[in-house]
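**Q** Structure incoming, see below.
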């Protein structure tokens, strides 16, 4: 826990520093390095926050994971609104030809539509002059908004006596995990849990223990199969999120829809909005419904939505309906899959790192793949690719269900370490199960 909190502190602080530095980067190589640091920090936060929620709350983690990912979507929806007032409607460099350049911008946007790159050499864009953009303020505001996060994490470290310099001068916030503890354990329960804890932990109480080969000795093939198939499901579904939000505009402006550019810009914001709305709805739903059932509904819904989008590919109205439906079905797939996979593997946290990595790779790779296919085959292949990815996600989920049935059931003594049992506090004040 201390290692994870220190990593969260360093990563969240790095994000604030990066956002403050971005407007000061006057070299594209420096900007690329700074953005790479930001991506690394965000990846650490994503992995550690998911993993710790799973390890702390275990069978109750589904609700907390849905809440976590709701705030991820809410932040993604809110940040463009913060930046929007500082974006310029005209060219960002003031010179004698600024007026002509500003009037050329719509023509340049049309010329950049895929398959029709056009000749841009006759458009006059000023490269020298006084910079009039105020977009730097958006980055600095985001840096300030994020700054309370590392401060709060450091405060938690301080109160839990995890900061070496202040370990003896602070008092823990909680003597035990009161949220998960229903009753005080008896001495018999404490002894039983203490004996079973090493067996239940399985050597996974270190931040990097998932990478140690000793944890894989004697593991059945289904152990690895559950990790791989779960990661492949998220590879496909998160890849669909990336490719749909990235290319729905390009699909809308070309045949068979051929809508105007302004209308084509409408689907991406509602797509993000319905993902956020779906995650909000999933918080109470996950309390009543099993994660496995939610994932099944999601992958089937994605597949049916793409099928209907293909059938009604000439309907602009159904493009918006399908966008909303796709956002709702994709919204809770990630947290539900994490909760389901960790439930199979007894909440050791290692599956979370594999699944988060698989989802991130899918979001990157499938965008590149779909972009190249659209460039060669036309915009209609955008929906065909989505249909194929949805079918693959459903197939991999069927394999996951099969491997779940084959996976050896935990012994009865493992149930004593479940979250239904009260938490036990060790002599250092940190709470364990």
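Each residue, glycine too, has its Cβ placed from N, Cα and C.
TrEMBL lists 411-433 with the feature region 'Disordered'. Annotated transmembrane segment per TrEMBL: 30-49, 61-82, 137-158, 292-312, 318-340, 352-374, 380-403, in sequence order.
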**Q** Which sequence positions outside the transmembrane segment (61-82), separated from its termini by at least 6 residues, show Cβ-Cβ distances below 8 Å to it?
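**A** Counting only partners 6 or more residues beyond its ends, the transmembrane segment (61-82) has Cβ contacts under 8 Å with 49-50, 53-54, 138, 141-142, 145, 272-273, 275-276, 279-280, 282-283, 286-287, 291, 331-332, 334-336, 338-339, 342, 347.
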**Q** Please identify the stretch among 30-49, 137-158, 292-312, 318-340 with the greatest number of Cβ pairs below 8 Å relative to the transmembrane segment (380-403).
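**A** The listed stretch sharing the most Cβ pairs with the transmembrane segment (380-403) is 292-312.
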**Q** So what's near the transmembrane segment (30-49) in sequence-distant terms, Cβ-Cβ under 8 Å and 6+ beyond its ends?
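**A** Distant contacts of the transmembrane segment (30-49): 4, 7-8, 10-12, 14-15, 18-19, 21-22, 68, 352-353, 356-357, 360.
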